[in-house]
Structures are given as structure tokens and as C-alpha cells.
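*Asks:* Attaching a single structure in C-alpha cells format; questions to follow.
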Amino acid sequence: MIYISCCRTVESVLPYEYTAFDFCSEKTMKRPSENLGQVLFGERIEPSPYKFEFKKPAMCQKVCTRTYNNNPSDKAKLDFLKKGMLLNYQHHWIVDNMPVTWCYDVEDGQKFCNPGFPIGCYVTEAGQPKDACVVNSNFNEKDTFYIFNHVDITIHYHIVEHEQLGARLVAAKIEPKSYENLKHDSPDCSGGPKFLKNKQTGAFEIPYTYSVSFVVNKNIRWASRWDYILESMPHTNIQWFSIMNSLVIVLFLSGMVAMIMLRTLHKDIARYNQMDSVVSSFCDAQEEFGWKLVHGDVFRPPRKGMLLSVFLGSGTQIFIMTFVTLFFACLGFLSPANRGALMTCAVVLWVLLGTPAGYVAARLYKSFGGEKWKTNVLLTAFLCPGVVFADFFVMNLILWGEGSSAAMPFGTLVAILALWFCISVPLTFIGAYFGFKKAAIEHPVRTNQIPRQIPEQSFYTRPFPGIIMGGILPFGCIFIQLFFILNSIWSHQMYYMFGFLFLVFIILVITCSEATILLCYFHLCAEDYHWQWRSFLTSGFTAVYFLVYAIHYFFSKLQITGLASTILYFGYTMIMALIFFLFTGTIGFFACFWFVTKIYSVVKVD
């Protein structure tokens, strides 16, 4: 049995259901249920009318014939089909949970297997074939659409010995073709290609047919049947070398930063402690210098401590969610074969991790001297999730307006709101209760009543230049993986290298921490003790570089056209940038908080 997913294209963000293009449909069978991740990504799976039995080949079987007359309804259907071919929309079929692939030759004698095949193609008015029209020299009529109304399906299987199953499917490949089929009642898959003139008028018929063949393949094991798809993904070899190169560079830089920090701090602490232990008449006259000067102000509550604590609570929630999701993905639980599992896991974890968010926000807000605990817990529960949901809701309205299959049904929206209000919010309140109930964080040094005046800073120790410099190194270790992640989202390519992604995640955490600690140390040495917001924004600025890269990716790599698709791309990119900002900013703050607490706890302060 073949199942059909939605039709997608790299030239538009809008996926459409299979039936939106008026193809042959199956009305007797129920649609399979989809999980939350599939609904969020717009994967609508439905049974297809293309039926066959195992080891029973079929030749040129008729599916149905679509007839279009001159009435407005049929004209609208035909125009939408033309639009789909013009934008290179592609079918996505599934057999035995395997994507049906269209394999064709590319440069250097290699073969590329695409988990989708085009619904048709277009030859321009200048006679230039677009997209799949280049595969057939007979597609040469100017200003003409060619419809792939026939498919040759080849099922590869191997015999299983000593088991009851008998045989297992290891690959499903397809070759789209176009036939005129003059005998619509008994098609023979002959004649020239089926074409539709752009300005054609009058009645028009499209007969849909298919053929099925079976091939024994002893070389592919059932456990590795996805390999031929994954190995043909573009730039796979480049990814391996690039990731290893980035790993070596980042580890080298991290080692250098760690060595400089340990060596410099060791000398500073030894000097300060030696100065305090010398009994001399000049001891009282000895003037302190460096980061020890600001020991009475370094733990002074920051401005806008309420907002910072809320950001840190949400960032902690995102950090734990990302770590657990990637960990499960590395174990193979969230592979591409489990459709929608990755997004479902992430959403469920986010809902269940409301307690750490509330606890961290409340604990830090109390240490900042805040007393408006009700406002704090409400902002933690609603501010960042509310911004994300509002953006997502506007994007969903656009999808509704365009009739896309990615539009979330109203019932699913209500279910997500129920998860948020009925589970996440109460858990956030519980976490905040325990956070406020616990004693405030004790700092190793006392805070002076009168704030110390900060001396005039040099250019590189001023806030803005430091924040800009702080995000460069973390972004440098992720931008290669970022390219493949964006490809998987917008170019509909499968992402499966979760082991490397988890490794990059660990490197990102280490790099954000070390870069923030290094800049924090320089600012403290310059007697600038406003480190709380600066540490958050320094590593959080990586999200700005991510946003710039996403804009560059849009204009240089994608072929997206249309206002709705452009708005959707940047709307969803803003959600990802906000989540990444909270994630990286939280890493930087806690790394700097640990560093500051550590160095001031080992220094003798009078």
C-alpha cells in the first residue's frame, strides 16, 4: 500500500495536500493518524489509489481520468495545477514507511536519489526547459506544461531465510513519465508526452496510469535500507570534512582560551593573596588594582533584574529541552523513519520543563533583591512562550489564507494552548514556589551601599564592541551545521547526523562559556562590574549572527518566490532566532556567574 504525503517545493514555503492539485484520490480508506510533530510540519498523510500486491507486476494500470471543461471551477483547478508545475511542486510517497525515491544521474557519474518526484514541468516561451523538463528531449514545445501522468514503480526486496516473513522491502524507486494515452478507457502507455499549452482553451483530459515491477536485491540489508538515500544527499562528504575541521579549530581555540585564563588568574590570585598576607607598615597604603577593586560591587543587582531573570528561566527550559532531545536523537529514537518524532519530543519536553524555568527565574530574581514575585512568575510563564505563540499564530493565519496543508487545524491550536495553560503554566508556578521559598543565593563578598564609579573605558572594553566580538567564536563553530539544518527545513532534505549535531552542541556550550568568561575577566580588570546583562548579551549575540546568516541563506541559496512564502520564512526564522538568543544567552550568564563566584571566593577580601 502506498501512502501519500503533501506536495512540497523549494520555491515556496507553502506545502499543499495531494488532493489540492486534483490528482486521483482514494475515498474508501481512512487517513492514518498523525502525531503532533507531523501536524506542526504540515505532513498530511493519506492513502493513495495506486494499489498493488507483492510479487504481482502490473503494466499500465489505469487509476483515473480527470476531465476539465470551460466552467470556472475546472479552470481554477487547471490553473492551480499549472502553478504547481511552474513552481516545481513534488509528490512525496511512502511505502512500508520508506520514502519512494526518484533516482537520476548527476555530474561525475554519481546518482542522486530524491525522496520526491515532480508533478510536471514547464518549457518557457523562449524554449528553455525548466526543472525536470531537461530529462527528456521531447519536451520542447514553447510555453507548454508537461504533466507526469504515469509512474513506473520498482520495488526492491530481499528474501529472508529461516523467518516467517518471507521477504522484506529494502527500496522503492519511481520514474515519472508522460504519455498521451489516446485510449483513455484502456490505456497502453504509448504516444507522445502529455502536454498542456499555457493558453489552451476547451476541454482537456488527463489519464493517470502506473506500472509496478519487483526486483530481488541481495546487497541491501533491511537494517541499512535508508543508506542509499542518505548517502546520495548533496554535500555529505563535505560535511564530514568541514565538521572535523571546525572541531579541530574550536578545540584548539578553546584550549588556548583555557590556558590563558588559568595562567593569568593563577598569577592574579597569588599576587592578591600575597599582598594581603604581608605584614608591613606599607600594607595599609598599598592600593588595590585590577578586578579585586570591584569586589564590593560585583554582585550588585543589575538593572531590569526582573526581565533578566525571566529570560534566564526560559533559557534554562530551552537548554534542557535541547540537550535531552539531541541525546534521544543520538540513541536513534528520533530518526527520520519516525516521522514527526523530533518535534513531538521537543514540544512535550518544553511543556514538562516548566518547573526548572520557574525555579531558576524565581531563585535569581530573589538573589537580585526583587520582591514582585507574582509578576515574575507570570512573566516567566507567559512572556517568551507568548511571543513565540503570537508569531506562530500569525504565520498560521497566512497558511490558512493560502490554503496550505501546513496550516494547523483549530483543534490542534486549542490542544497546544491546553498543554501550555493546563500543564506548563502550573508547573512553572510550582517551580517558582520552590525557588522563592529557598534562601537567596549567598555571595562570597559583601556589596557596598554606595556604588563605585566606573572609570572611562577603552574602546574594546565598552559594552557594544565586547558584545559583538563575543558572538563570533560560538557562531564560527555552528555555521556549517547550520547550513545543513536550514537545508533540511527549507529544502526538504533529510537530516540524520545527530551524533555530529550533539557534538557541535557540546562545543557550542564550551565556546559560549569560554568566550563570555574571557570578556567578563577583561571588563572586571577594567573596573566595570556590570557583568550580568553583558554576559547574557555577549553569548546571546550569536543569535544575531544566526539571523544575518539566515538572511544570506535566503537570498543566496533558496529560490523562494511570493510575498506569503517570504513572510513565512522570516517569521519562522525570528522564532528560531529568539529561541537561540535565550539558549546561548543563558549559557553565557551561568558560565560568567560561576566564574565570578569562583574567583571572588578564593581571594582574601578585607
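Note that the numbers count up from 1, one per residue, in the order the chain is shown.
Cβ coordinates are placed from backbone N, Cα and C, and glycine is handled just like the others.
Per TrEMBL, transmembrane segment is recorded for 240-262, 310-334, 340-365, 377-401, 413-436, 467-490, 496-524, 536-555, 567-596.
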*Asks:* Is the number of Cβ-Cβ pairs under 8 Å between the transmembrane segment (496-524) and the transmembrane segment (377-401) three or more, considering only pairs separated by 6 or more positions?
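*Replies:* Contact between the transmembrane segment (377-401) and the transmembrane segment (496-524): absent, because fewer than 3 Cβ pairs are under 8 Å.
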*Asks:* Given pairs 6 or more apart, does the transmembrane segment (377-401) have at least three Cβ pairs under 8 Å with the transmembrane segment (467-490)?
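*Replies:* Since fewer than 3 Cβ pairs under 8 Å link them, the transmembrane segment (377-401) and the transmembrane segment (467-490) do not come into contact.
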*Asks:* Using Cβ atoms and a strict cutoff of less than 8 Å, what residues sit near the transmembrane segment (567-596) while being 6 or more residues removed from its termini?
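*Replies:* Residues 13-14, 298-299, 308, 311-312, 314-316, 318-319, 322, 384, 387-388, 391-392, 394-395, 398-399, 470-471, 474, 490, 508-509, 512-517, 520-521, 524, 531-532, 535-540, 542-544, 546-547, 550, 554, 558, 560 contact the transmembrane segment (567-596) from elsewhere in the chain.
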